[in-house]
Amino acid sequence: MKKNPKISLIGSGNIGGTLAHLISIKELGDIVLFDVAEGVPQGKALDLMQAGTMLGSDIKIKGSNNYKDIEGSDAIIITAGLPRKPGMSRDDLISVNTKIMKDVAQNIKKYAPSAFVIVITNPLDVMVYVILKESGLPHNKVIGMAGVLDSSRFNLFLAEEFKVSVNSVNSIVLGGHGEAMVPLARYSTVSGIPIPDLIKMGLSSNENIEKIIDRTRNGGGEIVALLKTGSAYYAPATSAIEMLESYLKDKRQILTCAAYLQGEYGIHDLYVGVPIIIGTEGVLNVIELQLTKEEKALFDKSVEGVRKLIEMVK
């Protein structure tokens, strides 16, 4: 019988629990649900496995407070850390979540140095950088969940604007995973038709698309303000699963993620949201889009914001 991949989820909060549920439904692999809070991962694991009996899923889920249980993981998704509360920016979380990431990274280095790692913890672009530097893993095996989520928000708002199925919409959001992200209307399409062409056809306006771009930039903040007690978790978890599946099944999908750049887009030693190809070796390729002067200026501004945050943890 073929052995299931081992997937460890570091952090058993809302995103961690949702990830485990999705992995179980899709039967992507056996799960270790880790958390420092005693009883929480164990309780969720039991609940999820009981749900699995009705779903016909034989996936094994183990709740743990011991990092040794992640030993030999094929993939790891990190959600540990404080979530955003109303009035907090992603950047306010830096100092406390950096300490948590350093601890997580040391344990990955010790127990699962061959794993493919996806980071979700905010501020994303900084946390994924800390994981890379502290774990010693190769850069093609450490990525951040950013653009997949931002693009999903952009896709939804565009589908609503054009009154079409979300399946017909493809969009790209570049840059840092924050308010300076760069949703690219020119590279976004409805059934292959670029947004600027649809505007020329009279199906929308530049003004409406700009409003959608602003709403996309504040997509996470909008949910934080409504929830009042935390941040989004269904869409972030689903976005990470898309990335995980491309890795485990060697799908070689092009997904926008926070990837480590070494000269691409003229950027060195930074994690920035760009389109990449994810396969069984991790990041196979970085796709370099040709940007207009205006797009490049917005992208550079977003990158500069990431660079300033990184300086705070160096």
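Numbering starts at 1 and runs along the chain as displayed.
Keep in mind that glycine also has a Cβ here, set from the backbone N, Cα and C atoms.
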Among Asn97, Asn107, Asn140, which residue does Swiss-Prot annotate as binding NAD(+) together with Gly11, Ser12, Gly13, Asn14, Ile15, Gly16, Asp35, Ile120, Thr121, Asn122?
Asn97
Rounded to a whole angstrom, what is the C-alpha distance between Arg84 (substrate binding site) and Asn122 (NAD(+) binding site)?
8
Around Arg153 (substrate binding site), which residues of its chain at least 6 apart sit with Cβ under 8 Å of its Cβ?
Arg215, Thr216, Gly219, Ala235
For NAD(+): widest Cα to Cα gap among Gly11, Ser12, Gly13, Asn14, Ile15, Gly16, Asp35, Asn97, Ile120, Thr121, Asn122 in Å:
17
